[in-house]
């Protein structure tokens, strides 16, 4: 029997059947084709459930415009707008390392437009790198079904080249040469921590395995 916090119970067989249904539902959802954000969120949940890492999507800030108070103890938001996020999409902790990254997708097949990033995001990644954080962009070429973990150091350099010389995109070849490609799967949907392991290994090698 499975006992819930409310005190209700469910026979173990029924609970197992329910778990199988949830698994099948998740599998069919994956087959339909998820957005990059959905794949990352599902991966983060897998990492959390498995005790591997704690990574969450940062909430989008909201500007509240109008609030009604039908009761003195209760407020009802009548009008609100999403504001532009001030930093990046995701952050968390993995094996004692702080992770901070932005997720971007494109339908392009040969390049990724740098205009998809905002200047404040690049600045934030740069600041986190200065504090020894593991920072990157998770880029999805959705038409090609290819995914890359691009270290922030290369992204920052590409951004600076755009501002200085007008080169407004990263070619697929450049991303291939300066990123870690990951393959989509089932559990997790996007195993981006495999690339993070390689970033950590490279950093240790640069610092003499300290």
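Cβ atoms here come from the backbone N, Cα and C positions, even for glycine.
121 is the only one of 95, 121 that Swiss-Prot places in the Mg(2+) site (with 87, 89, 102). Each of the binding-site residues 87, 121 was ranked by the number of other C-beta atoms within 10 Å, and first place falls to 121. Local packing around the Cβ, expressed as the count of other Cβ atoms within 10 angstroms, is greatest for 102 among the binding-site residues 89, 102. Other Cβ atoms within 10 Å of the Cβ of residue 104 (site 'Transition state stabilizer') number 20 in total over all chains. For residue 87 (Mg(2+) binding site) paired with residue 104 (site 'Transition state stabilizer'), the C-alpha to C-alpha distance reads 14 Å.
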